[in-house]
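Undergrad: So Swiss-Prot says this about it:
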{"type": "ACT_SITE", "residues": "Asn427", "note": "active site, proton acceptor"}
{"type": "ACT_SITE", "residues": "Cys429", "note": "active site, cysteine radical intermediate"}
{"type": "ACT_SITE", "residues": "Glu431", "note": "active site, proton acceptor"}
{"type": "BINDING", "residues": "Lys5, Arg6, Glu11, Asn12, Val13, Met14, Phe15, Asp16, Lys17, Thr53, Asp57, Lys88", "note": "ATP binding site"}
{"type": "BINDING", "residues": "Ser202, Ser217, Asn427, Glu431, Thr603, Ala604, Ser605, Thr606", "note": "GDP binding site"}
{"type": "BINDING", "residues": "Asp226, Ser227, Ile228, Lys243, Arg256", "note": "dTTP binding site"}
{"type": "DOMAIN", "residues": "1-92", "note": "domain 'ATP-cone'"}
Amino acid sequence: MFVIKRNGYKENVMFDKITSRIRKLCYGLNTDHIDPIKIAMKVIQGIYNGVTTVELDTLTAEIAATCTTQHPDYAILAARIAVSNLHKETKKLFSEVMKDLFNYVNPKNGKHSPIISSITMDVVNKYKDKLNSVIIYERDFSYNYFGFKTLEKSYLLKINNKIVERPQHMLMRVAVGIHQWDIDSAIETYNLLSEKWFTHASPTLFNAGTSRHQMSSCFLLNMMDDSIEGIYDTLKRCALISKMAGGIGLSISNIRASGSYISGTNGASNGIIPMLRVYNNTARYIDQGGNKRPGVMTIYLEPWHSDIMAFLDLKKNTGNEEHRTRDLFIALWIPDLFMKRVKDDGEWSLMCPDECPGLDNVWGDEFERLYTLYEREKRYKSIIKARVVWKAIIESQIETGTPFILYKDACNKKSNQQNLGTIKCSNLCTEIIQYADANEVAVCNLASIALNMFVIDGQFDFLKLKDVVKVIVRNLNKIIDINYYPIPEAEISNKRHRPIGIGVQGLADAFILLNYPFDSLEAQDLNKKIFETIYYGALEASCELAEKEGPYDTYVGSYASNGILQYDLWNVVPSDLWNWEPLKDKIRTYGLRNSLLVAPMPTASTAQILGNNESVEPYTSNIYTRRVLSGEFQVVNPHLLRVLTERKLWNDEIKNRIMVDGGSIQNTNLPEDIKRVYKTIWEIPQKTIIKMAADRGAFIDQSQSMNIHIADPSYSKLTSMHFYGWSLGLKTGMYYLRTKPASAPIQFTLDKDKIKPLVVCDSEICTSCSG
């Protein structure tokens, strides 16, 4: 049997050569548990005559990855094999790769079509020796298999569908793309990115340094006008943003309801549903453009709008397709008055914004005055019990996981952009709270901090966290100035108000590394101190930028300009971790360069790249399934697998019991200290999750994407959760509702004979990668 090498030559397949290649990549791994010979034997069984070395490496990596239930180091080995394969297929020098990307010629028309920008190329040409010398390619080998495969699939740049970038090339491209001629800052950013202290958001990783450097994640729009012109002009804005893979939040509360009079045609309006079908089809059309991450929209509506009941049905699984929008997400922008009426079992008046104008433009007491005025004047379309609307909201959430819930009054009352006007919606993922109007489209650039990295020698390093936050602020602030904006209204807004969004990933990993149960008092205290540090560091960096460059244009009149910070708006006194009064004095003197700073977002893709748990979430399971070309296999929480392996508690019976129990270890005979630390989200009281969100909320000047997890949701459970979050002053009451299926799928992958009453075995576990 022969293999075809990269140079086209044939060579006999040699078992020893395969084993040797695997063994070379096992440096630093736990050799008590990693068995290169077993992997090589499985590879030999899976190859065919004429297999290429690239295919051989791919198969070897996948086989190693399937062994991750034996030991987490197998995931690192799998990644090393895949990375080694990529290194053999790509050029080493960063400058050479950038030159190839810049010199790209479209094969269909023969035209020069540079993939990276001319300024990026100019910077690389001037500093190529320095940039080439500081790149450390060994850091590519630190990714786990799934992180690396995520990079391969969507992030590393390609020429004619062939990957030409290595992960380190991508990170240096991002750093140079942001900092351009400031080469020292570029190298500082590169090192922090490649050491995994933080990551920029996906659009920045995709596009920094390229010819279309659209690096922003979030765009917030209001419907420009309740007219054909306004609706379709807004649709065009959405299409142009979606084309550049931006996520959209759109407020439609000013669009007249169904049955309302249209003076121009002497007819009646069809309401928001047919209009949203048009938006839905636009989202589907843009989706066909081959974007790495197609743009999607969340539609925001206030619950007084008389089309509210039809709106709540938009994503349901049954009903007339003409009344469904499967490709849009829906969210409610809820005033406090509605929550009070639900609580008091009061009546709720449904209104048309054409006949009851201005409700979307006011909040708090002013909203209540205007709304009750319209009620007294009997301008409403209909009156129903507030709890009828509430029940429809809960039913929709139980069936579809949506609508998302945000509290209009908290969002406006606690915003440092309150001086700009009424904020009418959030973004796609409910963590961005920014002002927009007909002439301005709000934008936000994001990055997330890998909190697990700051657990050093059993302690959390707050000083290092503050230092990294300050680098992120400077980076995101630069992106505002150099970004490619899909529409001019976005550029106007972003350069006037200069908001940024700093989030986190790996909070659960940090707790585990410190041996803190997620719901422990120690974890709750650390949660507060982490976000206090992030907010402090972000303010300090933004103030230092303002000292050099001046405050943002609309700073005067903001809360911060009057010495009021986010925690003041929550009536919270910070800990003594940082000295806040001198910082407040400095802000009074120099101002801030950025209107908003902190916004914990979902981090699904980037957390997978870095091998961390998502955002501020606990682990949802301790075991889950991954699919690769060669089939499906199980992956175990690497922290749990490592501790069980070290304590000689890991075996097939444990693995099978965890799988039978849907990723839980609570029904095992494992030690109690392990059970406490490795509770899943389903085993942690949701009120604790909500309380921790409120605790950190005092240091989050935008908002946070907070999911609610209830295995078997009911009207009473969900109502209790929502009212608890509202009473604590949360801005985002709920992103998704996550539930468990009514019945678990049959566990075909398990050997039923092996599922016995669990007894922890203290004997040596098998160290080979057995099938």
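Glycine too: its Cβ is placed from the backbone N, Cα and C atoms.
Have a look at these and tell me how they're positioned relative to everything else.
TA: DSSP assigns Asn427 (active site, proton acceptor) to coil, not to a helix or a strand. In this view, Asn427 (active site, proton acceptor) is surrounded by 33 other Cβ atoms within 10 Å of its Cβ, with every protein chain counted.
In sequence order, Gly501, Gly503, Ala599, Pro600, Met601, Pro602, Gln702, Ser703, Gln704, Ser705, Thr732 are the residues near Glu431 (active site, proton acceptor), counting only same-chain partners six or more apart with C-beta under 8 A.
Using a 10 Å radius centred on the Cβ of Phe15 (ATP binding site) and all shown protein chains, the other Cβ atoms total 12.
The Cβ neighbour count for Ser605 (GDP binding site), using a 10 Å radius over every protein chain in view, is 20.
Secondary structure from DSSP puts Arg256 (dTTP binding site) in coil. Neighbour count (other Cβ atoms within 10 Å of the Cβ, all protein chains): 22 for Arg256 (dTTP binding site).
Averaged across the domain 'ATP-cone' (1-92), pLDDT in this predicted model comes to 85.
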Undergrad: Quick one: Cα separation, Ser605 (GDP binding site) versus Asp57 (ATP binding site), in Å?
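TA: One finds 24 Å between the Cα atoms of these residues.
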Undergrad: If one measures from the C-alpha of Thr606 (GDP binding site) to the C-alpha of Cys429 (active site, cysteine radical intermediate), what distance in angstrom results, rounded to a whole number?
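TA: Per the Cα atoms, Thr606 (GDP binding site) and Cys429 (active site, cysteine radical intermediate) stand 15 Å apart.
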Undergrad: Which whole-number value in Å describes the distance between the Cα atoms of Ala604 (GDP binding site) and Ile228 (dTTP binding site)?
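TA: Given the Cα positions, Ala604 (GDP binding site) is 37 Å from Ile228 (dTTP binding site).
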Undergrad: Which of the three DSSP states, helix, strand or coil, fits Ser217 (GDP binding site)?
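TA: In the DSSP reduction, Ser217 (GDP binding site) maps to coil.
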Undergrad: Look up Ala604 (GDP binding site) in the DSSP assignment and reduce it to helix, strand or coil.
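TA: Its secondary structure by DSSP: helix.
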Undergrad: Go through Glu11, Asp57, our binding-site residues, and report the one whose Cβ sees the most other Cβ atoms within 10 Å.
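TA: Buried the deepest by this measure is Asp57.
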Undergrad: Return the member of Lys5, Glu11, Phe15, Asn427 nearest to Ser202 (GDP binding site) in space, with distance defined Cα to Cα and candidates limited to these recorded positions.
TA: Asn427
